[in-house]
Structures are given as structure tokens and as C-alpha cells.
Amino acid sequence: MPAIAPSYFLDPGVLAETLDSMRAGAPLVQCLTNAVVTNFTANVLLAAGASAAMVDFPGESGDFAALASSVLVNLGTPGSEQRASMREAVAAATAAHTPWVLDPVAIGALRIRTSLAHEFAAASPTVIRGNPSEILVLAGSGGGGRGVESTDSVTAAAHAARQLALRTGAVVAVSGPTDLITDGRRSVHVHGGSPMLTRITGGGCALGAICAAFLPAHPDPLVATVSAHAFYSAAATRAEAMSLGPGSFAPAFLDALHLLSPEQLRATAVLS
Amino acid sequence: MPAIAPSYFLDPGVLAETLDSMRAGAPLVQCLTNAVVTNFTANVLLAAGASAAMVDFPGESGDFAALASSVLVNLGTPGSEQRASMREAVAAATAAHTPWVLDPVAIGALRIRTSLAHEFAAASPTVIRGNPSEILVLAGSGGGGRGVESTDSVTAAAHAARQLALRTGAVVAVSGPTDLITDGRRSVHVHGGSPMLTRITGGGCALGAICAAFLPAHPDPLVATVSAHAFYSAAATRAEAMSLGPGSFAPAFLDALHLLSPEQLRATAVLS
Amino acid sequence: MPAIAPSYFLDPGVLAETLDSMRAGAPLVQCLTNAVVTNFTANVLLAAGASAAMVDFPGESGDFAALASSVLVNLGTPGSEQRASMREAVAAATAAHTPWVLDPVAIGALRIRTSLAHEFAAASPTVIRGNPSEILVLAGSGGGGRGVESTDSVTAAAHAARQLALRTGAVVAVSGPTDLITDGRRSVHVHGGSPMLTRITGGGCALGAICAAFLPAHPDPLVATVSAHAFYSAAATRAEAMSLGPGSFAPAFLDALHLLSPEQLRATAVLS
């Protein structure tokens, strides 16, 4: 394992093509997510051009995971019935080769979700997306953040992210002012975005759903995940310029996800 | 049963009177609905001038159904506790002669909700509202759509809608670019609306709640349901003209539901 | 017990200092609240400058209540798993001396929540916040309102509020066009606000969360609760002036919570 994964050059034209392909495919994203952000997450998917289906209880979540284009498993409020639903969906997604994203929200001090996150990380997720504190916990090298907020920087979690990627086979995305996406061998940083995403609830959770939406749009999950982050950041930058505070930011962000063209993404994305 | 139900002439002045009567009555609408759209549904009801109560768990939902002005049963995320709650509410609404609306969300491939929808359709709902694919499944002549999205047209579901109405005694409303409302003998089409309602989550689900709000406002459930659809469509048309995308559409739509006057409804509704 | 608690003079400068202190502390508010308003409540907290954590199921809610800055227990949709979660959180908050707020939503005719509200009122909440009908029921002198809406005035509930405060040791806040906050010995009225808060869902529920956010910011819970109400009212007044209806009011309100400065609060608050 290299101490530092080499940075990977990705032509912004590929981002534009992947966005175009996502919209053309209109992927049906099944979300098993937390009770706080279901509405915003569905609206983010619809605004971006995907379809959303929040099929999330035992007896249906497995059947649907076999039909869905991709699946999001977000551990924000994992009550007992939802834990059963998630296990059913993960098993069905794996059997059907449906790509899926794991978002280990607020793991660390909270025992049930932390144990569940380790269980799911071992079940071959396509992507793991979290904040630096969450990625450090999942990699076995941190104690967790403050509720849903990270107390660690993206840089501090970079080594853990690569280790986690190599161990699980997942693309690992670490969200922060600059995002890091790595598969353990290649790493890409996505710049831009807006601090307003931390002043609305679901700013991170909905990014996990957008990652799921992009996975069917490109055969390389690293490229799909980078494209998802660049798209999300570009829309957030645009929305911040049109808003007074978090209240006006949220609808402006949904508008921007709807209106941002592949060409605009190509022209404004900043990767390194 | 006629192969084609005759179209029914409805004076737009009746729509205006029914809206006026709904607002004057401020009906208390009990919603047993899916986790994704509870917030938006409550806000739609409040903006329109109704009251919303999301009393939805066993031990309380039956008691409340006896007090409520009307009840909505929406099958979008029917977990086990909610299924028990819905059965309790349907029984109490029936016993108390409280009008109620069934919204059979995404039935077809998903077994639990499909079985539940057939059970409730046989329990004398006042109105059944769905997209064309859902109505075809409930009438026994279709396989279902793509998640919450219809893969069939309103026209393709017209015959099934009339059959379903005659079999269940319910008014059946089929939503699409043009809506069809029928009681099996009479049929009305409502024109207008906005495709933006398909780019926000809950655009169809909240229409079910508005149907429930209008039921106490007119003795003929067909007239009440047509009035609800015409009101909803007129507000959507107005909101689309004031928005850039789905993000700005949602608040503009709530404003329009609040501001649209009976006179404006009378002047702009297009029925056939 | 005095028949009429003397009004209490509170310098508006104290409101400004308490707001400043709340934002500097960025309290982590754990919300056990109803399914309809989780998203809006979290967004209100984030806009105001607090942090939100909706950790709300058995096995985690107690652990988190020991870490949180304060806790909100809102009885809007208390299903069986949430009731267990609330009991766990209340016990842990009490053991850890974490301040907590009880919001007895829609008690009266609904038996499960009414019984639960009496149980929690006896468990030494720091603050009890409700509408007049809810406070009357909890004090033992009323039958309840119409769903979540009050059918009694703040004035009619003033005596009951003081009795309830003296009996439970809690600060009691009664919400209405003018809010009353009392600890049984001292009483303060907060003027202002906006009727638009009754045309969006969660207008009252999120105020309970803001009370929780302010509790760690001042040692006197009466002062903290008055400051929370004055802040909330000032933001609502400002938002109403910038909105066309309830749809545009909601984002304008979140912006106002984010933008309102301590100095603006000091200059515009009206207490009596």
C-alpha cells in the first residue's frame, strides 16, 4: 500500500459526459435513509434528473433493490425495522449486482449504528461516503465527531480513506470544504461547493444519494463518484451566489441541480 | 356498464363555491401517509386553508378518524406499525361515516402494498386517487409502473378507472398531464397543472390530501374531487410561471394555494 | 400561590447577550420529535446557529442524551418505538443534568400521548412549551384543542400555566399571538411574531427546539426561554415582511433566523 496514493488526472469533459449520461438514464435510486432528510433527498434526486424511491421496510426493500438502478444505505436514524430493511436490501443488491452507497452517519460514540456500519462496510459497498470523522472511525483510527458534524479535517482522514478503500474494495469519498475521492490507488480532490451545505440538514446525506445516481452512468465507480461530487459542488456554488441565507439557499440549490448543464459543469469544475 | 362514460358538464362556478366552502369549513384532514411527504403534505393543506393532523399509529389513529373531517390513506411507505394504524383508521372512518381517500402508491411489483391496496379498495373508500399505472393494477389490468412513476397514460387507464369506480363505489381520479375523474357513470377531465409537480416529491401524494380536504365541502364526491383537482392544477400553473426550477416551484406553489381566490379558479379552470 | 404572578422586567440587552452566547456555544440539540417536522426543526436549529441531532430510537437515544447540550421531547407522533426512545432519553438527560424541553402536542382526546405527557411532566422537564389548549390539559383544567390547534386563548391558560410551573418546577411557555412565559412566580409576555407560523407545519414544534438551544446559554431557564421566544418572534416578523404566503415565508424565516443579529433583537423585541 502506498503511503500517499498518486493524484489522478480526470478530464473535466468526462464529468460533463457522465452528467449527461446520468440524466439520459434517469436512474431509479432506492434510498434507505434517515427520517430527517428523506424529503430533501428525494427532491435533490428529482431536481438532478434521477428518480427516487424510498422503499424501505422489510418485505419490500429486498424486492425493490433487485429492480432499482442503485441503492443508498444511510445510517442516520437506524431504528429496528429499518435495520432489518437495510440488511434485506444489501443482500438483494449484492445478489443482483446493483451498485450501492454506504453513508455511515455519526458513527463513533453511538453503538448500534457503528456496529451496523462495520457490518455493511464488510459487505462490499460500491461507494462509502462520509465526513472525515466517520471515515476515521470506519477505518479503525478515530473516535467519532460531534453528532453528525466532523471534528477532523479531510486531510487528517486521507490516509484512513485509502486504507478503507483498499480493505473494502469500495471507492471512499470524504466530504469537506475540499472533497477527497479515492479507490486506494487513485485519488482526486474536488474543490468548490458552499459552506451553506452545512447550514441545512441533509447537505451531506443527499450527496450520498447523488453518488448512487451517478454510479450507473459510468463503468468506473471512481469517475462516477468524482462526477457526482463535482456536479453537487458546482450547483452549491451557483446557489450560494443567489441566496441570502440557508432558507433561500435550499430552493436555489435544487434549481441549480435542475438547471446546471454538462457544459457548465465542464467549464467550472476544479479538480486536483 | 357503458364502454365510454359520458363526459359530465360542470359549471366552473361550482368549483369556486366548493373552494370557498372548503376554506370556510377549514376541514381537519387526518393523514396516514408516507414518510417522505408528510411535511409537504401538511404544508399543502395549511396553505390551501385546511388543517392537517398526521395522527398515524395504533391506539390513536382510530380515535382520531372518528373526529377528523376526512382521512387520507397513502401507501407510499407502509411499515408494519403503519399498516396496523391504517386498518384502525379505515375501520373507524367507515363506522363514523368519515369520507376517506385511498392513494395506492407504487403498487404492482411490491407485494405488501399491493395486497394492502386491494384490501382497502374493498373497504368502500370515498375516493381512489393514483397515477395510470396504479389504477390499472388496482383494476386488475396492469403490472405497475416504475417505482412511483407511471409507465401508462391517463387515456390507457380510462376504461380501468371506470370499472374500478363501478366495482368499489369510489370516485376514481387518474392523475397525469390531464387528469380524469370518474364515478363510472360520469367523467370529467381537468386540464392544466405543471410538469414541475413531477420534479418535486409529493406532487401526487399531496393532491390526495387536497381531495380529502374538499370532500366535506360538497355533497357529491365527484364534484368535490374535480374541484380539488382544478384548484391544485390552477395553483401549479400559476407557480410554474413564477419559478426557475423545482426548488423555487415548491414555495411558489404553496403561496399559490394560499392566494388563489375562488374567482380566479372560476376564471381559469379548464374542464372537459 | 399568587392568583396573578407579577410581571417581570427583563432588559432587552439580556436577550441580545443570550442570543450571542447561544451562537458562540453552538449547542448540540438532540430532538426526539414528530415525523412531520424533523426536517424543518433541524433546519431551524442550523439556521439559528445551533447544531441538531435527531438521535431517536432505543439503544442510542439515552447514550446521546448524556452527550447532548439539551434535549427536546415532542409528542406529535409518538409510536411505540419512539415512546421507548423518549423514556430512555428523559432518564439519561435527568441523570446527566442535561436540560430538556417537553412539548405535549395535541394532548386531550388522544389517550396515548396524553398519558405520556403527564408521565413526562412529572419527570422534571426544564421547560414545558405548548399552545393554550395543551397547557390547560396538562394542568388538569381543559379538554384539549382541535388536533394540533388551540381552541383556547393564551389569557385563558395563564392561571393554569402558573399552576403547572409551580407543580412541576418547569418554566412553562404558552404560545399564541402573544406568548406567555412563566415559572409560577415571574411572568413575561413576548409580543410580535407572525400568523404565518400557523400556516406552515412545525411553526410551534420548532420553537420548542429553539427553547432547548437557548437553555445552555443562560443559567436562568426563564431568561433563556424568553430570549428564545423573542428571537423566534423577531425572525418571524422580519420574514413575514418579505413573503407572499406560507411558501415563501418558510425560507425567509430560516434566512431571518440566520441573519438576525443580537443588536437587531435588542432593538426590536417587545416584552411586557
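Note: Cβ is positioned from N, Cα and C throughout, glycine not excepted.
Here the structure is a predicted model, which means the values were calculated and not measured.
Summarising the annotation, TrEMBL assigns substrate binding site to B:M54, B:G202. Marked as ATP binding site by TrEMBL: B:R129, B:S175.
This view paints the features noted in TrEMBL onto the structure.
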residue	record	contacts (Cβ under 8 Å, 6+ apart)
B:M54	substrate binding site	B:Q30, B:C31, B:L32, B:T33, B:T38, B:T41, B:A42
B:R129	ATP binding site	B:V101, B:L102, B:D103, B:V172, B:A173, B:S175, B:G204, B:L207, B:G208, B:C211, B:T225
B:G202	substrate binding site	B:V36, B:V37, B:F40, B:T41, B:V44
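In sequence order, the binding-site residues near chain C (CB to CB under 8 A) are B:M54, out of B:M54, B:R129, B:S175, B:G202.
Other Cβ atoms within 10 Å of the Cβ of B:S175 (ATP binding site), summed over all protein chains shown, number 29.
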